[in-house]
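Asks: Per TrEMBL, active site, proton donor is recorded for A:LYS207. The NADP(+) binding site annotation in TrEMBL covers A:LEU12, A:GLY13, A:CYS14, A:GLY15, A:VAL16, A:VAL17, A:GLY18, A:SER19. Here TrEMBL flags A:GLU192 as L-homoserine binding site. Residues or ranges marked as domain 'ACT' in TrEMBL: A:353-426.
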2 protein chains.
Amino acid sequence: MMRTRPLKVALLGCGVVGSEVARIMTTHADDLAARIGAPVELAGVAVRRPSKVREGIDAGLVTTDATALVKRGDIDVVVEVIGGIEPARSLITAAFEHGASVVSANKALLAQDGAALHAAAGEHGKDLYYEAAVAGAIPLIRPLRESLAGDKVNRVLGIVNGTTNFILDKMDSTGAGYQEALDEATALGYAEADPTADVEGFDAAAKAAILAGIAFHTRVRLDDVYREGMTEVTAADFRSAKEMGCTIKLLAICERSEDGASVTARVHPAMIPLTHPLASVRGAYNAVFVESDAAGQLMFYGPGAGGSPTASAVLGDLVAVCRNRLNGATGPGESAYADLTVSPMGEVVTRYHISLDVADKPGVLAQVATVFAEHGVSIDTVRQQGKDGEASLVVVTHRASDASLTGTVEALRKLDTVRGVASIMRVEGE
Amino acid sequence: MMRTRPLKVALLGCGVVGSEVARIMTTHADDLAARIGAPVELAGVAVRRPSKVREGIDAGLVTTDATALVKRGDIDVVVEVIGGIEPARSLITAAFEHGASVVSANKALLAQDGAALHAAAGEHGKDLYYEAAVAGAIPLIRPLRESLAGDKVNRVLGIVNGTTNFILDKMDSTGAGYQEALDEATALGYAEADPTADVEGFDAAAKAAILAGIAFHTRVRLDDVYREGMTEVTAADFRSAKEMGCTIKLLAICERSEDGASVTARVHPAMIPLTHPLASVRGAYNAVFVESDAAGQLMFYGPGAGGSPTASAVLGDLVAVCRNRLNGATGPGESAYADLTVSPMGEVVTRYHISLDVADKPGVLAQVATVFAEHGVSIDTVRQQGKDGEASLVVVTHRASDASLTGTVEALRKLDTVRGVASIMRVEGE
């Protein structure tokens, strides 16, 4: 049953993702029409530089006036792939007001203003879909929102930033330092000229906020996500990790507390056992573990970025939103009914690997062990190594709260016999 | 916006999956209601043995008359977890006729009669969902039907049977033979008393038919799926695989031909490189690779069977179907518009590992190589090993059609110098 009036799509942004969306809409028009039940038509493309030649896109569709495009009134779906907060937010809001549903790939905006955007979509009876905002082509939002809708998710643990995974993988496999690995990532196009959003964990933190919100049916703001970048991970940390049978990954971790009453979300580098499936995620790939009551452990793996993979996710959403429109229905909106407490980092419970530079004399280990005990942090293993009157002490703890660990480290720094805290790294995935 | 009239669910079957569905519907009733937008109520449970005590299920709901239950007329969703062809097929058909949508976990029925069931659902404007029919809790049907709806899937390659993966993993890690590993699987409850459906590949073939149909938007009948079990895989095959840097897995492979005009679906044991992510799928876990034009390579991993994981998939579908019902809409139905040719096994192109027992005398290799050349099968490597006048010859080919390989092997068997073909195994995942 094919409807002949085409659904009209406005594309906002025509960079690496947008141009690929436009290309597939053209080359696979028949497939999309068959899957949706009606043809879809590119009705307008808003760009910043209209003079740039865009192969396969009718020049008559190109405009610099994105606002006029979303307000035309005949647009069924607005696809937003410009990124950033403004003008994306105003354009999406205007789209809902003027009768369109929205497909977005904008993690920063969704993480910051997801609740308001969902409210606007709901008010106007429109869809807001954003599979492409997290982990590129990997179906993750839809499995969490729909496939696991009858289950209770307890943890989401994943590698959600390809740039940093490329850098850490390079450091792991070659022994390179951070700067050297970053330089290679930049040269190969895996890192942007200003890599801050990736290497400082801002990108992963936005994704963690989105994932935690969906997984726990609770609003999780970007500010709720603890964030620690990976710029201070050293070649020495990788050597320590290897001694532990681990590697180091930048992880996004969203967890329900053991009593179920609260949740946490965080992004930081962590040691993870080589036997864990996330340890073997190479290059710029992404992978996300989801643990739930009934399903157990699921893993989703694939390319986390890039024009084509992101376009695949955008187009999957586009098909869904178009089908909903033909049905006169909408898909699942925001689900925040559980409204759980979002706890600060201090309440996170995990294990720690701590390297201390200490004086090489009798009694040091006893002193250090006493500090751990006083703060309620139980020690799993200690390794002591002497060198010329100095020694290093590597302590791996049992599970303890981040607050206890912070207190322990503050007290350790005050000991005369502790010359310095060389590194502290969390140990995950056990 | 919560509707107060509950949606009524009829549960057909109350074994390991059904009892878990009922349990979660009861214990997580509030969550389900919040996610659906209306409460769901267990309105009847059809069982074979009504006298059995079922904890947590009101005895007044239990009936042996499944037909009367699905025909009651007030049922919103029928959940079918009895399995097998009849009476499941008649019950599902009756459910549609009497106004209910259906969630099923029945791979055998879907593989055999999916088209007719989809037609019945469509005729009555009802939903037919069956995420649980393939790979247990792993979201796979929904990602293929929805997330990748804007992409072009070229291959689905996976481990979709936990019993056989447990057995093969055991053979690989312990050097055990097939029977010994099967006995252990049976003792641990991973294999049924009659393991035929699993070890002969019938179960995996049903899943391959379902996956191929969805992936390629083409009807793929169970008879279209080439099927070879894993009962003849030997410890010697594993040793050969190790020499190749491979392990052996029972794979379901659905592929589009290189010219895009036809597809194939098959289930057989195959060597797969240890570096391939599927090689490290342990025990009874399932994992499926999906390769598409835009998304690239995606992998989905998780528990492929068991009461709770399967119940998770059933409940995800239940939530979706209930939402659709409240929306007055239906989800995606069968999509078979592409109607591609389903080619027979002979047209499959892959690589082969062949072990021959040959006479240990000059000229044998030349004879054998000539036979391969005459059939257009190009040899990658040959390894020759002599022992007491006999020798073994291990040939690994480049990519060739299955028909060419079959012809080659027939001709080899006719050579005086070839005493026997010890094993033929396909090599995949490269």
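Every residue gets a Cβ built from N, Cα and C, even glycine.
Just so you know, TrEMBL annotations are computer predictions that nobody has curated.
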Asks: Just how many other Cβ atoms lie inside 10 Å of the Cβ on A:GLY15 (NADP(+) binding site)?
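Replies: The answer is 13 other Cβ atoms.
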Asks: Which three-state DSSP class does A:GLY15 (NADP(+) binding site) fall into?
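Replies: DSSP call for A:GLY15 (NADP(+) binding site): coil, neither helix nor strand.
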Asks: Setting A:LEU12, A:GLY13, A:CYS14, A:GLY15, A:VAL16, A:VAL17, A:GLY18, A:SER19 aside, what same-chain residues sit with their Cβ within 8 Å of the center of the Cβ atoms that define the NADP(+) site, listed in sequence order?
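Replies: Along the chain, the qualifying residues are A:LEU11, A:GLU20, A:VAL21, A:ALA22, A:VAL81, A:ILE82.
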Asks: Mean pLDDT for the domain 'ACT' (A:353-426), rounded to an integer?
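Replies: Overall, the domain 'ACT' (A:353-426) comes to a mean pLDDT of 93.
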Asks: Measure from the Cβ of A:GLY18 (NADP(+) binding site) and count the other Cβ atoms within 10 Å, all protein chains considered.
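Replies: Result for A:GLY18 (NADP(+) binding site): 26 other Cβ atoms within 10 Å.
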Asks: Around the C-beta of A:LEU12 (NADP(+) binding site), how many further C-beta atoms are within 10 angstroms, looking at every protein chain?
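Replies: If we count other Cβ atoms within 10 Å of A:LEU12 (NADP(+) binding site), we arrive at 27.
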Asks: Can you tell which of A:CYS14, A:VAL16, A:VAL17 has the least company, meaning the fewest other C-beta atoms within 10 angstroms of its C-beta, among these binding-site residues?
Replies: A:VAL16
Asks: Around the C-beta of A:GLY13 (NADP(+) binding site), how many further C-beta atoms are within 10 angstroms, looking at every protein chain?
Replies: 24
Asks: How big is the Cα-to-Cα gap, in Å, between A:GLY13 (NADP(+) binding site) and the residue listed as 'L-homoserine binding site'?
Replies: 19
Asks: Should A:LYS207 (active site, proton donor) be counted as helix, strand, or coil on the basis of DSSP?
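Replies: Going by the DSSP assignment, A:LYS207 (active site, proton donor) falls within a helical segment, counted as helix.
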Asks: If you draw a 10 Å sphere around the Cβ of A:GLU192 (L-homoserine binding site), how many other Cβ atoms fall inside it, taking every protein chain shown into account?
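Replies: A:GLU192 (L-homoserine binding site) is surrounded by 13 other Cβ atoms within 10 Å.
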Asks: Cα-Cα separation of A:SER19 (NADP(+) binding site) and A:LYS207 (active site, proton donor), in Å?
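Replies: Pair distance, Cα basis, whole Å: 24 Å.
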Asks: What is the separation, in Å, between the Cα atoms of A:VAL17 (NADP(+) binding site) and A:GLU192 (L-homoserine binding site)?
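Replies: Per the Cα atoms, A:VAL17 (NADP(+) binding site) and A:GLU192 (L-homoserine binding site) stand 16 Å apart.
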Asks: How many whole Å apart are the CA atoms of A:VAL16 (NADP(+) binding site) and the residue listed as 'active site, proton donor'?
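Replies: So the Cα of the residue listed as 'active site, proton donor' lies 20 Å away from that of A:VAL16 (NADP(+) binding site).
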Asks: To the nearest whole angstrom, what is the C-alpha distance linking A:CYS14 (NADP(+) binding site) and A:LYS207 (active site, proton donor)?
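Replies: Cα-Cα distance, A:CYS14 (NADP(+) binding site) to A:LYS207 (active site, proton donor): 23 Å.
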Asks: I'd like the Cβ neighbour count for A:SER19 (NADP(+) binding site), meaning other Cβ atoms within 10 Å of its Cβ, all protein chains included.
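Replies: Within a 10 Å radius of the Cβ of A:SER19 (NADP(+) binding site) lie 21 other Cβ atoms.
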Asks: DSSP helix, strand and coil counts for the domain 'ACT' (A:353-426)?
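Replies: When I sort the residues of the domain 'ACT' (A:353-426) into the three classes, I find 23 helix, 35 strand, 16 coil.
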